[in-house]
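Report on one structure; see the data block that follows.
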Amino acid sequence: MAAPVLRWCCPARRWILANIDRGPRHGRGAPTGSRSSGKRGQSSVAQQPLVTAQKPRKGEHQWAAVVGLEIHAQISSNSKLFSGSQVHFAAPPNSLVSFFDASLPGTLPVLNRRCVEAAVMTGLALNCHINKKSLFDRKHYFYADLPAGYQITQQRLPIAVKGSLAYSVCVGKKRSQVINKTVRIKQIQLEQDSGKSLHDDLRSQTLIDLNRAGVGLLEVVLEPDMSCGEEAATAVRELQLILQALGTSQANMAEGQLRVDANISVHRPGEPLGVRTEVKNLNSARFLAKAIDYEIQRQIEELENGGEILNETRSFDYKLGCTVPMRDKEGKQDYRFIPEPNLPPLLLYDSASLPAGADPQQVINIDQLREQLPELPSVTREKLVQQYGMLPEHSLTLLNEVGLLEFFQNVMKETRAEPKKVTSWVLNTFLGFLKQQNLAVSESPVTPSALAELLNLLDQKAISSAAAKKVFEELWRSGGKTPAQIVSEKRLELMQDQEALEQLCQATMEEHPQVVMDLKKGNPRAINKLIGLVRKATLSRADPTMIKEMLEKQLSS
Amino acid sequence: MLGRTLREVSAALKQGQITPTELCLKCLSLIKKTKFLNAYITVSEEVALKQAEESEKRYKKGHSLGDLDGIPVAVKDNFSTSGIETTCASNMLKGYVPPYNATVVQKLLDQGALLMGKTNLDEFAMGSGSTDGIFGPVKNPWSYSKQYREKRKQKPHGENEETNWLITGGSSGGSAAAVSAFTCFAALGSDTGGSTRNPAAHCGVVGLKPSYGLVSRHGLIPLVNSMDVPGILTRCVDDAATVLGVLAGHDCKDSTTVQDPVKSFILPSLTDVSKLCIGIPKEYLVPELSSEVQSLWSKAAKLFESEGAKVIEVSLPHTSYSIVCYHVLCTSEVASNMARFDGLEYGHRCDINVSTEAMYAATRREGFNDVVRGRILSGNFFLLKENYENYFIKAQKVRRLIANDFVNVFNSGVDVLLTPTTLSEAVPYMEFIKEDNRTRSAQGDIFTQAVNMAGLPAVSVPMALSNQGLPIGLQFIGRAFCDQQLLTVAKWFEKQVQFPVIQLQEIMGDCSSVFENDLASVSLKQ
């Protein structure tokens, strides 16, 4: 039932329509269209390093970049912010539209309790001050996918203010140094999402899908405390994890549930901030980092060449990898805000201010929501470090990859192997395989149980590490077999027969007198060659340490 | 039968003196006879007859739904009616058939009322004459009354009778005319600045504006959300209370309705007014007030005084700022509310398709009349970033002052305020259109509009006929959510003044048989 032939509106060129001459929405806080790139999976796993190291360019050291973010997160709720229509991604066009969503005259907004709770929970998780009284406003602009001609938002008095988001960036050559950073959160406001415009260039028409119109959004405004694309992308990733842990948003960027606009400026340290540009509609963490870094460079070069930065809205062309100005022929838009007259002030309570005898269905208790907050990612990571002696950067990776933590924990449940061993296998071997094939954890052919069993075999010294790698490869290739089956089929079990192994050692030394000579002459590395030869003879089924011990014993005897 | 009040005809239905279908047919016939009044935009004959049939079945089984079962009612054409065109008297919504009923409409239907049709109004309820809609002006039934005609005969005018008809007032003029001309027993209006009370006064019927938040606005196509209230037009105060009893109450679809359970609106018959304190706001004595209305106002005050009520002069000092303040707030909300009419989802759409913007512009130019466009323009001006503080915020502050004026007066012990409803009786159309809509609205709303700022209940009750034989109404204003108390006082007043029934026999010609036996018996007795 999906609209045929139509393409989702994508950044850059898609804005320019064959026939319908309309400027894009611009300015802060307008619901940003999903502009779904259609490339799924890029945010689920296998995120490339967030920012590619920029080559040092001239004058860069003299400039400081300032980056702030406006993030729109779609609230995970059964129904929309002000109407009873369902919220569901990729439903047939216009199948989830109530009379209110279509702005039929006479319809009125009715606030969805779940959305308010989601906003409060998010505010609490981000250390915000929750306003006990917040207000709704109308923000006006004409656009085909905004049926009422205005968006209901919280311009004057938002539901949460003054919070902070802590995140960690990995730096250094091996990205093994973890630096903790904090970005201040200016506010969180509740607002409506817009519908989607589907531009059909061939037929010179625009079709409107209102399924998304009126879905609840959390607009999270991050203060300009970041200084590069990686920081911004990492902060967004942390926010994404928090939202997902809270269940307040699925925060899937590919599905448009998390959309980011970045405000970027550069200045010389010690001087006032520069003129900022806004880059809109960034729909993946990777593009976010790229776009910001590109824009920083562009601004520096512009200024170095004696140019000036315009306060403008730009979009990121992900094909060209650069930002381009969005057409902005009317200049700054005046949204003509007005208080939403159909919604009384939103009042929240805490246990102290809760009116006696209040109907629990009619009031929201902040304290109660605070008690119900689930474990946040920072706590989860801390626990991993404490419980398993894991390195902080490993705990970061475990959480950053969707489903990886759960996979790890499931392996842990079924194995006797050391946590460090498990971590190493999950983060190096398992994740490496996934990335190589661009798969999500959920798509892995190897189950946690299988890996656990394999690690048990390793732990029991039933197989060698090298054999374990082979078993893993085999598990990956031919799902369905257990590690034990593979081990026995391929005869990979470790040689437990001491005598046989000793004979093999003896035979190898005899076959390679030159190596033995080297060793005796004092080249300590020569023993490694012997070990390798013995292992080869055992078809890698012997434990190298054991071989080494035997060789040394035989040499000294 | 048609001349009776809602309560009387309800009793007749219960007693089987008349069936709902007979009643419905009589009203339909009268609607046709009075078509020239232009009170109705849409007559929903088939719907009404079907509803009558069902009502009849209920009566036969003895399962009447209540006082409204089988009662013909009319609804202003700015309330959404499922399956029935709802135009707001605008090209923009011509042909628009809503898929849902306004809560108030649904409540009437749930009580078994028969929906006779949708009544005429000023475009999007912007006006005080019911003259500025695309379907043409509504004519005041009193233009054709025996009372008015006899007075006119005494004066040699020589003017063309055909062009000399009177306006109904507005913007709910169609509803007022429909009730006044006996084509239904109650009608819904809407009241944002006086749009129910003003035509009620001009048409000699009762016009109630309930407290803001008491009656759901869901489905009422808004003018000013923060002031709009569904209004009730009936032939007597008790009827208004009956209808209010049906309509009032929390609606989960309108977050501005109060949650408190609604008390009964059955009105006691006051015999003693000595414990009442009636306030007479001195600021309402304006130079433009006609001497006739002024003297009736004084007479009414004396009536209360003579019966033992305490009548005191009070001050509402910010009254004079009300009209200009209203202008800013009204146009600002209008600019916002009208933004949805872009030709995309529903309503009029122009033929131009070179660009979306061009389509919007042409659609809105073709869809809205000058009055609507003018208000949108002013409203957007007031909401501009550079003007917002100076206009909108200021106006909101003034609004608070105006509302506080009322609070102060009521806190000082006043129970009900007594004021004129309009400056004068209804004027002829030709005279009315000499001024532009804005001036006329400012004049028409002068006594009614501050009430909307404060969200208070108010009711216009016809008091007497002017020297010209035209109705003059007075307004009672009550404390917020003290609608019952307000109506109780109004009912006492109504009983004292014995306002005469409109005599329409002459103009109705052969239809007069409808009234023959009824009109004589119509009275305000229960």
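Indices start at 1 and increase along the chain as displayed.
Even glycines carry a Cβ here, placed using N, Cα and C.
Because the structure is a prediction, the values reported are computed rather than measured.
Marked as active site, charge relay system by TrEMBL: B:Lys76, B:Ser171. The active site, acyl-ester intermediate feature in TrEMBL is assigned to B:Ser195. Per TrEMBL, domain 'Amidase' is recorded for B:32-145, B:167-487.
Features as recorded by TrEMBL, highlighted on the structure.
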{"residue": "B:Lys76", "record": "active site, charge relay system", "CB count, 10 Å": "33"}
{"residue": "B:Ser171", "record": "active site, charge relay system", "CB count, 10 Å": "40"}
{"residue": "B:Ser195", "record": "active site, acyl-ester intermediate", "CB count, 10 Å": "39"}
### Task
Round to the nearest Å and give the CA-to-CA distance linking the residue listed as 'active site, acyl-ester intermediate' with B:Ser171 (active site, charge relay system).
5
### Task
Fill in the CA-CA distance, B:Lys76 (active site, charge relay system) to B:Ser171 (active site, charge relay system), as an integer in Å.
9
### Summary
DSSP assigns the residues of the domain 'Amidase' (B:32-145) as 40 helix, 19 strand, 55 coil
